[in-house]
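Novice: Summarising the annotation, Swiss-Prot assigns ATP binding site to 169, 170, 171, 172, 173, 174, 175, 176 and lists sequence analysis as the type of evidence. What Swiss-Prot records for 370 is site 'Required for activity', and it gives sequence analysis as the kind of evidence.
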């Protein structure tokens, strides 16, 4: 066997020439100090604002403060394994999360990692969490209803697709219940509605108890609503940076549907806790505090998040993202800093009151203080026809009720108004987990405003409504289908509906 020296030397030369080409270039820095979920890092001169960095042990962080001599990094995870002198690597990527239909039915953390034990998520696409909201040109004014299934909201404070409607109230007034019922109300459309009407739901839990989030997921699962929902959870035991990031992560997941011509609904529960987490991070990063020790850009924090909910025009796929942010007030104080900020950003608010809740008026919506700035353009014509008068009647009823406390001798007209108001208030009550379809709401409210309840005792109103709906669902399906298809009460439908209610009222008495 002869050894060809020339051949071997050529191979060796070739290998030496290509050696070391694949050396990994990564810019690194050193931890100067760490504590309270914040690390100060020396080096990383070219790091971008909002870029992911990696600590030893795979813990991620995000560069937020870029100062002349160091970088302030918030840590997504436990900081107890990070020590002074540790090496920090740049990843070169701005913080992003997985998006797409693969996430439906899953519970994830603020970085999109699954926390429900159902295996990895094989998403085909990732998106940045913090992107610019759509401009003015790609948008269209809100005109399709986003039905919540709650009479008090769909009739009086309608929410449209692409709207941002704030749910505000003290603790334990049923804020989360409104979001949950809205999610459950989408079930019939997902089961047998057209694809273009389907509404995908995202629920972002910020700073909630784990037991509360688990309960929420359990209800969604039991009622078959988890299959079109995504739950993003940054619970009370998660570090502040995760609670700060969760709403943006959820929003990016919702935007995937919006930008693909579909419809999504996102509930942020709740933004007061996100603001508190952001305040904690800002103070630890030594940013100057402002009112109530919140940083100066806490308004911008919420406005850039909520501006991303939009209705896009037909050239851009006609998709929409509807936002239901939640704010928890202290002692019904709507004029505190964060509540006023979010009220001024959103297109209306649903104001829930403790007093109403304890009086048994649930959902505890204060109809006087709640508004929808989109209004009736987010209702179908049939609902406009029946609900037009109900708001005025309830307002008159509230005014009269305040006076009636003083005087006992009231004339017949006032008495009639008070009676009607009491029955309409009773009619707007609704138990949890029982959302109604729009056509059913129209039928019930039609009965209310046309005096069918005036002769009944107040405690009979609920039974009357139940019976009427049962009768319509079995014997008069054509009326409900007519309203659903026509989306308006034509004279023919009105006559049929009137006949159906008349027949039922006779048998009920």
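Note that Cβ sites are derived from N, Cα and C of the backbone, with glycine treated the same way.
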Novice: Which chain neighbours of the ATP site, leaving out 169, 170, 171, 172, 173, 174, 175, 176, have a Cβ atom within 8 Å of the mean position of the site's Cβ atoms?
Specialist: 328, 352, 354, 357, 364
Novice: How big is the gap, in Å, between the Cα of residue 170 (ATP binding site) and that of residue 370 (site 'Required for activity'), rounded to a whole number?
Specialist: 15
Novice: Which of the listed recorded positions (172, 173, 176, 370) has the least company, meaning the fewest other Cβ atoms within 10 Å of its Cβ?
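Specialist: Comparing Cβ neighbour counts within 10 Å for the recorded positions 172, 173, 176, 370 gives 172.
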Novice: Taking the Cβ of residue 169 (ATP binding site) as the reference point, list residues of the same chain whose Cβ is under 8 angstroms away and which are at least six residues distant in sequence.
Specialist: 175, 328, 329, 332, 351, 352, 353, 354, 364
Novice: These are the binding-site residues: 171, 175. Which one scores highest on other Cβ atoms within 10 Å?
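Specialist: Max Cβ neighbours within 10 Å, all protein chains included: 175.
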Novice: Pop the Cα-Cα gap between residue 370 (site 'Required for activity') and residue 174 (ATP binding site) into the table, whole Å please.
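Specialist: Rounded to a whole number, the Cα-Cα distance is 15 Å.
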Novice: Could you state the CA-to-CA distance between residue 370 (site 'Required for activity') and residue 173 (ATP binding site) to the nearest Å?
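Specialist: Counting only the Cα atoms, the answer is 15 Å.
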Novice: Is residue 175 (ATP binding site) helix, strand or coil when read with DSSP?
Specialist: helix
